[in-house]
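Undergrad: Pulled these from Swiss-Prot:
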ACT_SITE  170  active site, proton acceptor
BINDING   39, 40, 41, 42, 43, 44, 45, 46  ATP binding site
DOMAIN    2-244  domain 'ABC transporter'
């Protein structure tokens, strides 16, 4: 689906202000996967994200998206199709809304790619239903809606382009806890429908709950990758790099360090923690 091979990126190369942001990145996003990218501010994850849909081109190495190869020598006309294959929901996407009605805003993207108005509005209606926005809102101005509803409109606008990969850049930033949970459940539902998803986040619990593969970035390098269940076992390594772990993993690790219990494998979700503690309680009771 998407493959990075020895990708390096330098801002303002061949100048006194040259600044290298990515170092020999090898990364793969498989079709149908839910891949997470984790890192602090300055880790390179935003630069990497912009390579996913061709907003940036590698200084060295190559990025393959489907059958399109992007390198330092690629022309813009060669890269443009990548932007239809990979849809990016940037932070606070509602700031990009501009049309007079919700339906028109969502239909704008498909029309911009040459789809007739009637068909574009049909696609828009399907995507608005997908994101859970009732038709009573479709003829309203997007600016009459709540923040969470506006974000759903913006996400529907990206989905209306029917991308093969949906990239989410800190998608719950600024939302209250209830809206945040609803938003993550929405993305999981979209993923379950067959959509390939890439999540850029600093929230480890979201990675544990939803992702099936994760890459950790630090200062432009991938320092760890694997399934969340494997990566989050390295609690001390992550702490040394000032990266957190899911709350359930932290609790289990602290409990294990007291000597009260030994886990074969640390849980990464609340559900796993409850199951393990219940099992230990039952076994302990059986011994008594």
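Keep in mind that glycine also has a Cβ here, set from the backbone N, Cα and C atoms.
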Undergrad: Could you state the CA-to-CA distance between residue 39 (ATP binding site) and residue 170 (active site, proton acceptor) to the nearest Å?
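TA: It is 11 Å, counting Cα to Cα.
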Undergrad: Would you mind checking how many other C-beta atoms are within 10 angstroms of the C-beta on residue 43 (ATP binding site)?
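TA: Result for residue 43 (ATP binding site): 23 other Cβ atoms within 10 Å.
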Undergrad: Whole-number Å distance between the CA of residue 43 (ATP binding site) and the CA of residue 170 (active site, proton acceptor)?
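TA: A Cα-Cα distance of 14 Å.
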Undergrad: List every residue in the same chain as residue 42 (ATP binding site), at least 6 positions away in sequence, whose Cβ is under 8 Å from its Cβ.
TA: 219
Undergrad: How big is the Cα-to-Cα gap, in Å, between residue 45 (ATP binding site) and residue 170 (active site, proton acceptor)?
TA: 11
Undergrad: Taking 8 Å from the centroid of the Cβ atoms of 39, 40, 41, 42, 43, 44, 45, 46 as the cut-off, which other residues in that chain fall inside it around the ATP site?
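TA: Sorted by sequence, the hits are 217, 218.
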